[in-house]
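If you check TrEMBL, you get these features:
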{"type": "ACT_SITE", "residues": "B:Cys87", "note": "active site, nucleophile"}
{"type": "ACT_SITE", "residues": "B:His196", "note": "active site"}
{"type": "ACT_SITE", "residues": "B:Glu198", "note": "active site"}
Amino acid sequence: MARVVVDVMLKPEILDPQGQAVQRALPRLGFEGIADVRQGKRFELDVEGPVDDAALARIHEMAETFLANTVIEDFVVKVES
Amino acid sequence: MTARIGVVTFPGTLDDRDALRAVRLAGAEPVSLWHRDKDLKQVDAVVLPGGFSYGDYLRAGAISRFSPVMGTVIEQAKAGMPVLGICNGFQVLTESHLLPGAMLRNNHLHFICRDQKLRVENAETAWTADYTDGQEIHIPLKNIDGRYVADERTLDELEAEGRVVFRYRDFNPNGSLRDIAGITNAAGNVVGLMPHPEHAVEPLVGTGRTDGLGFFTSILKKLVNV
């Protein structure tokens, strides 16, 4: 079964307090030198049947209408071999 | 015959009973609607109440937006039916694109629960006619995803068209852009806000004030006069 990954990230101009909270915690834990952290979501889709252009188009539509809110988020669809 | 006002229950909705009660106290007939109902049972208006529909597992309000009942609500709202979204209901309305922008995690990352002062910026919507422009009201606020965001162009458009209906006063509880607590669509029939008017309709509970009752009397008057 083929795997397709959809990565969803807040758009760069949208404040990400979760990422900031993680970034602020890093020096306290001894991890220095990280200037910024942004937190996103990763969806792993195990696709039945072939991942052809039609299947990818459907996944793209799914990401655009449901998995991501394109008012605030960007997304990337990748096929994992 | 009085107006019939529907209140939708999704799995995870918490405030449907309070909303039904507020509708009844205002003098309208409350009608329970279930998320699987496509049929709105001939209601004249719909309230999408607060809570955590479908656990907010994807994004607040995102999964409910695709429930059967919302298919009909979206269609009817576009045709002019009044719809009020409170808290999670507001999130469902932005996810449905009935209202512009989006709701995000509070800037301080905490769940917040407090009596909130609001300024009524637009007393001409279907749900705010019993208030006056500039009136200050206190109603409860409780949420973790209450930060309203939209791009600058959308925000400017909302301001220019008088579609910011409520603004937080004294304290912005969640980092909402331009202190926005509630907005309306261009037609004024769809209104969404984060604080909870349905929790401030009886002096015994909530803030001890009844500042929220005006939402439900406004819509009742509008529907009866129609």
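We count from 1, first residue shown onward.
Glycine too: its Cβ is placed from the backbone N, Cα and C atoms.
Sequence features, as recorded in TrEMBL, placed on the structure.
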residue  : record                   : CB count, 10 Å
B:Cys87  : active site, nucleophile : 29
B:His196 : active site              : 25
B:Glu198 : active site              : 29
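Secondary structure from DSSP puts B:Cys87 (active site, nucleophile) in coil. If you measure from the Cα atom of the residue listed as 'active site, nucleophile' to that of B:Glu198 (active site), you get 11 Å.
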